[in-house]
Amino acid sequence: MHRTAAQITTRESFNNRGEWITQAHCRDVDPEELFVKGAAQRKAVAICRHCPVVLQCRADALDNRVEFGVWGGMTERQRRALLRQHPEIDSWADFFAGQLEASQSA
């Protein structure tokens, strides 16, 4: 049985790919639309814009050093740049979960 995003705790949502991936807006999109180059990436990024699990997806792509496609609303180039800018971050899942928890408690 799958739970809604609201039923999943913040930390748990980042650590349980099976839970969050079922909530992804791209789950029913043709993968060819997400693994594109150039200007076509804007359309792929737009799919992510209102996705309830965009940060979980982004963390998964960053933690696993996914090289191709749009993941979590970020292009390949954007992910590479972020990884270069923040080599000190060992777990993007923990980083984003911490940010979400802090914003929810504020």
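Glycine is treated like the rest: Cβ placed from N, Cα and C.
Secondary structure of the domain '4Fe-4S Wbl-type' (25-81), assigned with DSSP and counted as helix (H, G, I), strand (E, B) and coil, comes to 32 helix, 2 strand, 23 coil. Under the heading domain '4Fe-4S Wbl-type', TrEMBL lists 25-81.
Around the Cβ of CYS48 ([4Fe-4S] cluster binding site), the number of neighbouring Cβ atoms within 10 Å comes to 20. Residues annotated as [4Fe-4S] cluster binding site in TrEMBL: CYS26, CYS48, CYS51, CYS57.
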Over all shown protein chains, what is the count of other CB atoms within 10 A of the CB belonging to CYS26 ([4Fe-4S] cluster binding site)?
20
Cβ packing number for CYS51 ([4Fe-4S] cluster binding site), 10 Å threshold
20
For the domain '4Fe-4S Wbl-type' (25-81), the mean pLDDT of the predicted model:
93
Near CYS57 ([4Fe-4S] cluster binding site), which residues of its own chain have a C-beta under 8 A away, given they sit six or more steps off in sequence?
TRP20, ILE21, ALA24, CYS48, CYS51, TRP71, GLY72, GLY73
